[in-house]
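A.B. asks: One structure, pasted below without further comment.
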Amino acid sequence: QIDPKDYTFSGLKDETVGRLPGKVAGQQFVIQDCENCKIYIFDHSATITVDDCVNCQIFLGPIKGSVFFRDCKDCKCVVACQQFRTRDCRRLEVFLCCATQPIIESSTGMKFGCFQYYYPELALQFKDAGLSIFNNTWSNIHDFTPVSGENNWGLLPETAVVQDYVPLPSSEELKAVRISTDATKSIIPITRGQRQKNSDESCLAVFFAGDYTTANARKLIDEMTSKGFQLVQTKEVVMKAEDANRVFQQSASEFISLLEKGPVVALEFNGDGAVEQCRSTINDVFSGTKVFVSESKASASQDVDNFYNFADMQMGM
């Protein structure tokens, strides 16, 4: 028999509380009326509501459905979810991984950054919650109640460090979780999202489903970012033959048979010389793997547009 008390933090003040990996196991969770607390859910859950919390620091592991913040203010959060919504909130700062477009309503002073976090159980928790580490629209915010001449939301500074916002837990019980907030170790690739691109040259690389798709995509991200290129966005999505024709144009025929194995993972890199660097890295490092890569700077921006327009339609964005 499930006791709701095990899945609720309510009316707490000046406390550090949390749940260890395996303790929530896909149930729904409620956080309400907490003040000046540090709250950590190191597990996956069905849905989470956060109501009437003030000056709290909150980590929420992967949420299969929605997380809904209502009437909260001055909170700093790290959140991974399928859907993100706020209503009547003030001054929330959120490092976010969200599979769909995040929505704010009647909320002001909202700031967003890209989710960055690691602990050993996190990858499996993402899988259990049905979330892809490559589907993160953290910066593509929809403001349901915009005010003319004002902006209710913005992006956190690029240099923002998770630990300065949501510190690692200090309680003995929660210290057992082996956390890293080092951006290079993050389970979610750090993307620029809607930030201004540094260059007018981008490159699209698409990996096809197989045993090493995730590892290969990560490897390319590491290779490219270590050379100073920026990862703009990532996407994991199922493609059909007609989609391949639209996206890959002339080279579609060599990839169509690969689409039946499962979803593709697409990466957009930005920087002067991105296409050439991406092509040579793929030749050197992934010589036995079929990868779609933009052929030239001229065709690359069209590749990126073609793919992401298709992907956004797929995701209903």
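A Cβ is built for glycine as well, from the same backbone N, Cα and C atoms used for every other residue.
According to TrEMBL:
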- 1-146: domain 'C-CAP/cofactor C-like' (DOMAIN)
- Gly65, Ser66, Gln82, Gln83, Phe84, Arg85: GTP binding site (BINDING)
A.B. asks: Other residues with Cβ within 8 Å of the Cβ centroid of Gly65, Ser66, Gln82, Gln83, Phe84, Arg85 at the GTP site?
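C.D. replies: My list of surrounding residues reads Thr47, Ile63, Val67, Phe68, Cys81, Cys98, Thr100.
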A.B. asks: DSSP helix, strand and coil counts for the domain 'C-CAP/cofactor C-like' (1-146)?
C.D. replies: 11 helix, 73 strand, 62 coil
A.B. asks: Long-range same-chain neighbours of Phe84 (GTP binding site), Cβ under 8 Å, sequence gap at least 6?
C.D. replies: Ser66, Val67, Val94, Leu96, Cys98, Thr100, Pro102, Ile103
A.B. asks: CB neighbours of Gln82 (GTP binding site) within 10 A?
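C.D. replies: Step by step: centre on the Cβ of Gln82 (GTP binding site), count other Cβ atoms within 10 Å, giving 19.
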A.B. asks: If you count CB neighbours within 10 Å, which one among the binding-site residues Gln83, Arg85 has the smallest count?
C.D. replies: Gln83
A.B. asks: Average pLDDT across the domain 'C-CAP/cofactor C-like' (1-146)?
C.D. replies: 97
A.B. asks: Which residues does Gly65 (GTP binding site) neighbour through Cβ under 8 Å, counting only same-chain ones at least six apart?
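C.D. replies: Sequence-distant Cβ neighbours: Ala46, Thr47, Cys81, Gln82, Gln83.
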A.B. asks: If you draw a 10 Å sphere on the Cβ of Ser66 (GTP binding site), how many other Cβ atoms land inside?
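C.D. replies: Around the Cβ of Ser66 (GTP binding site), 17 other Cβ atoms lie within 10 Å.
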